[in-house]
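Enquirer: My structure is below; once you've seen it, I'll send some questions.
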Amino acid sequence: MSGSNVVLCILDGWGNGSGGRYDAIHAAYTPFWDTAVSCCPMSSLSASGTDVGLPSGQVGNSEVGHISIGCGRIVLQDLLRINLEINEVHKNPKLLDFVRDIQAKGGVCHMIGLLSDGGVHSLQAHMETIIEVITGFGIKVFIHVILDGRDVPPRSAEKYIGMLNAKIEHLNAEIATVAGRYYAMDRDNRLDRTCKAYDAIAYATGPRSGSAMEALEKSYNSGVTDEFMVPTVIGDYDGMGAEDGVLFTNFRNDRVLQLLGMLLHRFPEVSNVLGMRQYSEKMRIASLFPPREIHRSLGEVISERGLKQLRIAETEKFAHVTFFFNGGREEPFTGEDRIIIPSPDVSTYDLKPEMSAVEITDSLVERINSQQYALTVVNYANADMVGHTGNMEAAKKAVTTVDSCLQRVFYAAVNAGAVMLITADHGNAEKMFDVQNDSPFTAHTSSMVPFVVCNADGDISLSDGRLCDVAPTVLDLMNIPQPSDMTGCSLITRNS
């Protein structure tokens, strides 16, 4: 029996909410979604904690979600892996090489990383452990703090800076620059933002304050929250030297690449660069925790069958449907086509909650109509990226936009005889306000996410499961045997 072509729609940040007043998905106008969940087979998937390879209770994120969906197994994520290994980092050969190089040249260490306990891109405890180790070798550490305010509350930096100051009080370390992640962790080629952070770190240019707390107070007094703090030089810091070493403490790669790339390109004299992980196959820097290869992902299985597949997303989420979905592989598989639609050029996405969803759908529908792809994977970024702004009305518009796009995809799938699957990578827009703290909620959630099958052959029902069960379910619909590497399970029951 030949299987069906499948269109897999991943709705970023679209969790199962409570239906309360701050649930943007429930509050938005979503006629297609309402019909789909009432008429099509539907179940719920766990997208956080140990079910996606994270520590218990840790919220999911886009990287982890796409890895789990695309690989069909629970992959031990960097956060949990580093948690297990960080106390032995003083023995890590790459760290020892890094230290020896600095000692031989008489330089200092520049440590760059996101300062929070959000656990999405970094963990402050990792940074603090490494600072203690490096200063223990007699090396001065300049810390280039990136403020979060996105995976944690928007005005929480005082807590994290206070914790860091307490940690380094008796160590040969100091905060050299402070910048919001809006500048230091852009991933949408807004190089003007990246350049402001780079100039502060490399050349000590930009606004200057006497201390990190003073800089934060000035920012708050100007109405600017953590994420958007303008890169600021602290104290007497005067920039990098060729004899120095640079260590990035973020373990997730997508929001490191622009700043790292700028450093490698514009300051090639600094050759001693170390990362928590291998951020890119093209940027060959040493890593404390090298990647572990993942074989027989969904994309690889489709390719091995000689079938064509398509990945499509806008800039903000393109890496997720390609690199992460393929288990950390940068190059496309044979037969894998990729389409990237530019994200809109706005400072924050609540200014354009539609983002590029309509343009994605225009291109996607054309490809579905061609019937050349056995598997099509699309990401709609709206609920997540607009959810991160904390703007409820904008989030509702974002959700409504995605709903209208899903309707177009559904009609195209039906006309092409394809099965349409709808799921999400993690929650976000279903919780837009934190009642306890009386402030907008901008972070991810630990909500379950939906899993809906539209236009399937025959009478089927779905079991609840985990994100890692999506790939086996796709293979089941395509009538392709599931490889033993995939430990997830098809969620389909065929009712005869």
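Numbering starts at 1 and runs along the chain as it is shown here.
Glycine too: its Cβ is placed from the backbone N, Cα and C atoms.
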Enquirer: Given that Swiss-Prot annotates D12, D425, H426 as binding Mn(2+) 2, state which candidate in S56, S62, S370, S484 belongs to that site as well.
Expert: S62
Enquirer: Among R181, R193, R266, which residue shares the substrate site with H121, R150, D151, R187, R252, N253, D254, R255, K317 according to Swiss-Prot?
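Expert: Looking through R181, R193, R266, the residue Swiss-Prot assigns to the substrate site is R181.
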Enquirer: Specify the count of other C-beta atoms within 10 Å of the C-beta of S62 (active site, phosphoserine intermediate).
Expert: 27
Enquirer: Among the binding-site residues listed here, D12, D151, D384, which has the most company in the form of other Cβ atoms within 10 Å of its Cβ?
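Expert: Counting Cβ neighbours within 10 Å, the top one is D384.
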Enquirer: In whole Å, note down how far the CA of D12 (Mn(2+) 2 binding site) lies from the CA of H121 (substrate binding site).
Expert: 17
Enquirer: With every protein chain in view, what's the tally of Cβ atoms within 10 Å of the Cβ of D425 (Mn(2+) 2 binding site), excluding that atom itself?
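Expert: So the number of other Cβ atoms within 10 Å of D425 (Mn(2+) 2 binding site) is 33.
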Enquirer: Which ones are near S62 (active site, phosphoserine intermediate): of the binding-site residues R187, R255, D425, H426, which have a Cα within 10 Å?
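Expert: Qualifying among R187, R255, D425, H426: D425, H426.
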Enquirer: When a 10 Å sphere is centred on the Cβ of R187 (substrate binding site), how many other Cβ atoms does it contain?
Expert: 19
Enquirer: Around the C-beta of H121 (substrate binding site), how many further C-beta atoms are within 10 angstroms, looking at every protein chain?
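Expert: Here the count is 26.
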Enquirer: With a radius of 8 angstroms around the mean position of the C-beta atoms of D12, S62, D425, H426, what other residues of the same chain does the Mn(2+) 2 site pick up?
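Expert: Leaving out the recorded residues gives I10, G13, A47, G60, N61, G65, H66, H320, D384, A424, N428, H444.
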